[in-house]
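As recorded in Swiss-Prot, the features of this protein are as follows:
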{"type": "TOPO_DOM", "residues": "1-37", "note": "topological domain 'Extracellular'"}
{"type": "CARBOHYD", "residues": "N29", "note": "N-linked glycosylation site"}
{"type": "TRANSMEM", "residues": "38-63", "note": "transmembrane segment"}
{"type": "TOPO_DOM", "residues": "64-72", "note": "topological domain 'Cytoplasmic'"}
{"type": "TRANSMEM", "residues": "73-93", "note": "transmembrane segment"}
{"type": "TOPO_DOM", "residues": "94-118", "note": "topological domain 'Extracellular'"}
{"type": "TRANSMEM", "residues": "119-140", "note": "transmembrane segment"}
{"type": "TOPO_DOM", "residues": "141-163", "note": "topological domain 'Cytoplasmic'"}
{"type": "TRANSMEM", "residues": "164-183", "note": "transmembrane segment"}
{"type": "TOPO_DOM", "residues": "184-191", "note": "topological domain 'Extracellular'"}
{"type": "TRANSMEM", "residues": "192-211", "note": "transmembrane segment"}
{"type": "TOPO_DOM", "residues": "212-240", "note": "topological domain 'Cytoplasmic'"}
{"type": "TRANSMEM", "residues": "241-266", "note": "transmembrane segment"}
{"type": "TOPO_DOM", "residues": "267-279", "note": "topological domain 'Extracellular'"}
{"type": "TRANSMEM", "residues": "280-300", "note": "transmembrane segment"}
{"type": "TOPO_DOM", "residues": "301-344", "note": "topological domain 'Cytoplasmic'"}
{"type": "LIPID", "residues": "C315", "note": "S-palmitoyl cysteine"}
Amino acid sequence: MPMQGAQRKLLGSLNSTPTATSNPGLAANHTGAPCLEVSIPDGLFLSLGLVSLVENVLVVAAIAKNRNLHSSMYYFICCLALSDLLVSGSNMLETAIILLLEAGTLATRASVVQQLHNTIDVLTCSSMLCSLCFLGAIAVDRYISIFYALRYHSIMTLPRAQRAIAAIWVASVLSSTLFITYYDHAAVLLCLVVFFLAMLVLMAVLYVHMLARACQHAQGIIRLHNRQLPAHKGFGLRGAATLTILLGIFFLCWGPFFLHLTLVVFCPQHLTCNCIFKNFKVFLTLIICNTIIDPLIYAFRSQELRRTLKEVLLCSSWPGCWAEGGGDSVWPGSCVTLRGPLPP
């Protein structure tokens with residue numbers, strides 16, 4: 001985790017950001033031209049990470065406690081929360097270590113710091129890949145639940161979901177290890193960018209198709225009850241707005257980071273690109289914000305999960321609560337295949 005002044009890095013190998021200034025404003029590039037640089041205070045960054053950490057821990061605990069949530073749909077949501085938890089946790093850990101090194105509180109050998117840096121980079125990269133994969137997996141699961149509703153439980157069985165989850169985690173760890181090892185190859189960065197674009201296209205295609213089917217279904221109900229067409233148009237507008245918010249948040253939170261990686265490949269020395277590189281920490285902050293928003297979109301919309309979450313919060317102040325909960329606190333146990341929240 002080598003430092004240059006106040007610079008901090010998520011994937012230190014992938015970040016070619018020049019030394020950052022301590023205050024927001026206009027920084028000068030090599031020609032003296034003004035360059036907008038937004039500074040994110042470490043306290044704000046750590047606070048957002050802590051909010052994400054607590055939020056996703058609650059999601060994992062709620063799903064683990066309630067056997068009614070032990071279905072493939074909620075397993076994917078649980079793994080998304082776990083990967084988001086690791087994203088925020090690894091960023092908080094790296095920031096804390098950097099602050100301790102800068103303050104001279106943490107003194108250790110350079111080789112130990114470098115090994116720690118590499119370990120955190122692998123953890124961060126693998127958790128980011130997992131987060132993207134599980135967002136795609138949730139979209140696929142919801143697509144199957146709508147277009148193959150009668151065969152959903154025979155297609156999306158629990159063993160298949162568990163194998164898919166295991167494959168995602170293993171592939172993400174192996175891929176991130178290779179990415180960090182061969183960070184100086186442009187192909188590595190391009191693979192990450194292509195992977196992000198593939199997930200974006202997959203989610204867009206599936207959710208747009210689901211929205212179209214929902215509109216057709218609503219139109220059929222309207223015709224059946226001889227209602228007026230404007231009601232159908234209103235439903236379509238609400239669905240389109242929900243879809244825009246869903247994909248818009250995903251793109252706005254993840255897009256700048258992968259834009260950064262793209263520019264590192266194609267214009268590492270260009271003055272305009274260097275101005276963008278100076279805002280690398282802003283891009284990381286947007287990813288942390290996404291880990292805060294994910295539970296609001298995918299988890300907390302479920303009434304069953306919200307009810308269990310209240311029980312978890314009550315149990316935190318009642319020591320014997322989990323023990324008295326009977327079989328509900330066992331993981332994974334037998335499950336009731338519950339399809340979960342409807343698509344947006």
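Any Cβ shown, glycine's included, is placed from N, Cα and C.
Neighbours of the residue listed as 'S-palmitoyl cysteine', defined as other CB atoms within 10 A of its CB across all chains, total 18.
Contact between the transmembrane segment (38-63) and the transmembrane segment (241-266) is not supported: fewer than 3 Cβ pairs lie under 8 Å, counting only residues 6 or more apart in sequence. Of the two recorded stretches, the transmembrane segment (164-183) lies close to the transmembrane segment (73-93), with three or more CB pairs under 8 Å once pairs fewer than 6 apart in sequence are set aside. For the transmembrane segment (192-211), the partner stretch with the highest count of Cβ pairs under 8 angstroms, out of 73-93, 119-140, 280-300, is 119-140.
Taken through DSSP, the topological domain 'Cytoplasmic' (64-72) splits into 6 helix, 0 strand, 3 coil. Residues in the topological domain 'Extracellular' (184-191) partition by DSSP class (helix H, G, I; strand E, B; coil) as 6 helix, 0 strand, 2 coil.
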